[in-house]
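Chemist: Straight out of TrEMBL:
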- LYS14, SER174, ASP175: ATP binding site (BINDING)
- SER55, ASP142, ASN154: substrate binding site (BINDING)
- 281-363: domain 'PUA' (DOMAIN)
Amino acid sequence: MVRKLTGFRRIVVKIGSSLLVDTAKGNLRRTWLESLADDICDLHDAGVELVIVSSGAIALGRHQLRLHPGELLLEEAQAAAAVGQISLARAYTEALRARGLLAGQILLTPGDTEQRRRYLNARQTVDRLLGLGAIPVVNENDTVSTAEIRYGDNDRLAARVALMTSADCLVLLSDIDGLYTAPPAQHPDAEFLAEVPAITAEIEAMAGAAGSELSRGGMKTKIEAGRIATSAGTSMVIASGKTLHPLTAISSGARATWFPAPTSPVTSRKKWIAGQLKIVGSVTIDAGAVTALRSGKSLLPAGVVSVAGAFRRGDAVILRDPAGHEVGRGLIAYDRDDAERLAGRKSGDIEAILGYRGRSEMIHRDDMVLHGEEIAATGVK
């Protein structure tokens, strides 16, 4: 069955170093990048929002700095990233601008997707860029990342970006066209898998561990990315990027391995919020707010009666009704002190009360799960 990328709302596309950079010369593959930009433009015109997670900074920088082949020391890799990231950003800017699109660079460290407050900041930045019609181009901030604190590969970074942005599809473009029952280079008779309904121990065993010289990733990291993505409700596809117009090729039925999401992104995200976050406070809301939340609305300051706990913006809190019963859980948009000052007030008064223009919602509906839905399903009481 052919799956067209135009059927998705928001897609994260991961580009491997070996696709962007000529191994022998260390130069950017400009013709390939131009063809990718064509695909991005076509999908953008079709109403699809796209986020690019691009490797290549270190690969470009090491050539420009004339560094030795093979594994680099940490400080060498950081220096290469500092030089190469400028070239990489310029290349994307020029390729997209020629097609009437703007590129916005975002460099992330693990704290930006693993720590809730920074997670929300990064998500809001990406959402705003997409809302303005720009194409976010994301990479790991290798210049400041250390060996102990880093994603380590852009496959897993792309999966976390997909989770962070509530994307419904993650595309991993690589130098291989999908998953085989064994590494095809060593096992020519290995069977190709067009679809992986679930990532089992058997599937994990099929993945090889090694990546190329220019890439830190391998099939193993792609399978790990698939686990992250599908558990958050995001479908994933591994496809070859060697051909020109690789995204168009996927929609045209090119060989690829699909990892379909078992449930919708919103449902899985609510399970994630309900079951995996440390609860550090509570918010008591009035009866009208309870009714509004049940009908799918966000929690506004006007519906808040009181707050408790030492929480900060982005932390997980319990929502309680006037009788003290748990209504749900969510990620709060304000620190404890500010939330207390806003309790019972209108959203239009936020700037006058706090001195800055904050979010109109105390907790957005996408950052909330209500009791009796996914909380019960995940066993959280």
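Every residue gets a Cβ built from N, Cα and C, even glycine.
A TrEMBL annotation is a machine prediction, not a hand-curated record.
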Chemist: In angstrom units, rounded to an integer, how far apart are the Cα atoms of SER174 (ATP binding site) and SER55 (substrate binding site)?
Modeler: 11
Chemist: What whole-number value in Å do you get for the largest C-alpha pair distance within LYS14, SER174, ASP175, the residues recorded as binding ATP?
Modeler: 12
Chemist: With every protein chain in view, how many other Cβ atoms are within 10 Å of the Cβ of ASP175 (ATP binding site)?
Modeler: 15
Chemist: Within 10 Å of the Cβ of SER55 (substrate binding site), how many other Cβ atoms are there?
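Modeler: Neighbour count, Cβ to Cβ under the 10 Å cut-off: 28.
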Chemist: Mean pLDDT across the domain 'PUA' (281-363), rounded to an integer, is what?
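Modeler: The answer is 93, the mean pLDDT of the model over that range.
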Chemist: Among all protein chains shown, how many Cβ atoms are found within 10 Å of the Cβ of LYS14 (ATP binding site), not counting that one?
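Modeler: If we count other Cβ atoms within 10 Å of LYS14 (ATP binding site), we arrive at 31.
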Chemist: Whole-number Å only: compute the distance from the Cα of SER55 (substrate binding site) to the Cα of ASP175 (ATP binding site).
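Modeler: That separation, Cα to Cα, works out to 13 Å.
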Chemist: Does DSSP give ASN154 (substrate binding site) helix, strand or coil?
Modeler: helix
Chemist: At a 10 Å cut-off from the C-beta of SER174 (ATP binding site), count the other C-beta atoms across all protein chains.
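Modeler: Other Cβ atoms within 10 Å of SER174 (ATP binding site): 25.
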Chemist: 10 Å Cβ neighbour count around ASN154 (substrate binding site)?
Modeler: 26
Chemist: DSSP says what for the domain 'PUA' (281-363): how many helix, strand, coil residues?
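Modeler: Within the domain 'PUA' (281-363) the tally stands at 26 helix, 24 strand, 33 coil.
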